[in-house]
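Working notes for the structure below.
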């Protein structure tokens, strides 16, 4: 990996994966952003469906996109390797997105299936490859995932600005085609950049005893190292990852209120007039990506600076911190709800939403890239991609749970729901930070970093050639 060179202190392969994922997310969020609008539209080639029909299909589609990450990860672990899985998934996505440009319904449904399959192959495995760029104990790993995460949000931001505009103004199928061209660029970047990914993303052969499902006893007979091939320490490490999945479920079920409950609150109960001009509701959805891009570099620098000083916060602690910061964001929504309840015009100030999105983004930066990095550190090597796939499946379930919470808010009232979310997430985050040492013991040192390694690698980061 080192002989492939560095760029801004990180392996050059990180930039390959950054731009590949940026364009993949451009195509995904571009298509997803206009899908429901296309289905309900009676113009520009839309299908003219009812809102209920469109939302039902949209929910089914997004759920399967996440769930397909599980078999996608397993296929990579057992048969393909991450690199081949990304290439195969990329070509499948190109076919799916361009097929969306054709009007017939058979082409539309076939395209959705192809996009689901392609995303399931590409999404978990490209994230796994980011972890593969760094050796165990490399203090740059978390900041590398943060940089990678910025690529995701850059693609999402560009998609909301470009694909949505083209689809609404020039025609939905032109928008779908543009998403397809974005995926072509992503695939081209990955294929061109494979020379910077030597030794990363190949099929794990499990040659080491610790990674084998079976070892041999003194007589040469095969003996399982543990239940289903895992020994006690590996099961402990898997258990810690499952704990992180619970955190992820709670975090994203709360965070994804942005697209539902908070979006409705912005449209119905927020004064969006600035200097005599009303800010479009949809633009507020871009605040998350904006804050990711403006604050992501700062977050990456903070982790590196702490590592340089020998302060290495465990991933569970960071995830707990991110969850509590998310909860603080919902406190601003509580204030917004209280203001609109007492205001004569029934509206709250726009700044409450801005502050809420900012704190949600800070919480996301503390949790999301770290949770991805945590899997690559702690999971047994032969199931890393499978666990990454399970991570995205949990994220999909969180999106479903988020919609149920939104329905609950309609019945109970948004003030009570904002209060419950704020209280629960802040409390959960504090508990996790307090119990970090106990939880981290189950990782059996896989999360620990040696002081001399950190100092040496931080020195390499500062002295690396920028080219």
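First residue shown is number 1, and so on along the chain.
Cβ coordinates come from backbone N, Cα and C, glycine included.
Annotation comment: TrEMBL describes 13-440 as domain 'Major facilitator superfamily (MFS) profile'.
Feature annotation from TrEMBL assigns transmembrane segment to 58-76 (among others). A Cβ distance under 8 Å defines the sequence-distant neighbours of the transmembrane segment (58-76), meaning residues of its chain 6+ beyond its ends; these are 32, 35-36, 39, 82, 84-85, 89, 112, 115-117, 119-125, 128, 385-393, 395-397, 399-400, 403.
According to TrEMBL, the feature transmembrane segment maps to 85-102 (among others).
If one looks beyond the transmembrane segment (108-126) by at least 6 residues along the same chain, the residues whose Cβ comes under 8 Å of a Cβ in the stretch are 17, 20-21, 24, 28, 31, 47, 61, 64-65, 67-73, 75-76, 82-83, 85-86, 88-97, 99-100, 102, 201, 385, 388-389, 391-392. Under the heading transmembrane segment, TrEMBL lists 108-126 (among others).
TrEMBL lists 147-166 (among others) with the feature transmembrane segment.
Annotation comment: TrEMBL describes 172-193 (among others) as transmembrane segment.
Here TrEMBL flags 238-255 (among others) as transmembrane segment. Under 8 Å from some Cβ of the transmembrane segment (238-255) lie the Cβ atoms of residues 230, 315-316, 319-320, 322-323, 326-327, 330, 360, 363-364, 367, 371, 374-375, 378-380, 387, 390-391, 394-395, 397-399, 401-402, 405, 421, 424-425, 428, 432, 439-440, 442-443, all in the same chain and six or more residues away from its ends.
Taking Cβ pairs closer than 8 Å, the transmembrane segment (287-307) reaches residues 139-140, 142-143, 146-147, 149-150, 153-154, 156-157, 160, 258, 313, 353-354, 357-358, 360-362, 364-366, 449, 454, 458, 461 in its own chain, all 6 or more past its ends. The annotation transmembrane segment is assigned in TrEMBL to 287-307 (among others).
Residues or ranges marked as transmembrane segment by TrEMBL: 319-338 (among others).
Here TrEMBL flags 350-376 (among others) as transmembrane segment.
Residues or ranges marked as transmembrane segment by TrEMBL: 388-411 (among others). Below 8 angstroms of C-beta separation, residues 59, 62-63, 65-67, 69-74, 120, 123-125, 127-128, 245, 248-257, 259-261, 264, 371-372, 375-376, 417, 421 of the same chain, each at least six residues beyond the ends of the transmembrane segment (388-411), sit close to that stretch.
What TrEMBL records for 417-436 (among others) is transmembrane segment.
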Contact yes or no, the transmembrane segment (350-376) and the transmembrane segment (147-166), 3+ Cβ pairs under 8 Å, gap 6+: yes
For the domain 'Major facilitator superfamily (MFS) profile' (13-440), mean pLDDT (0 to 100): 83
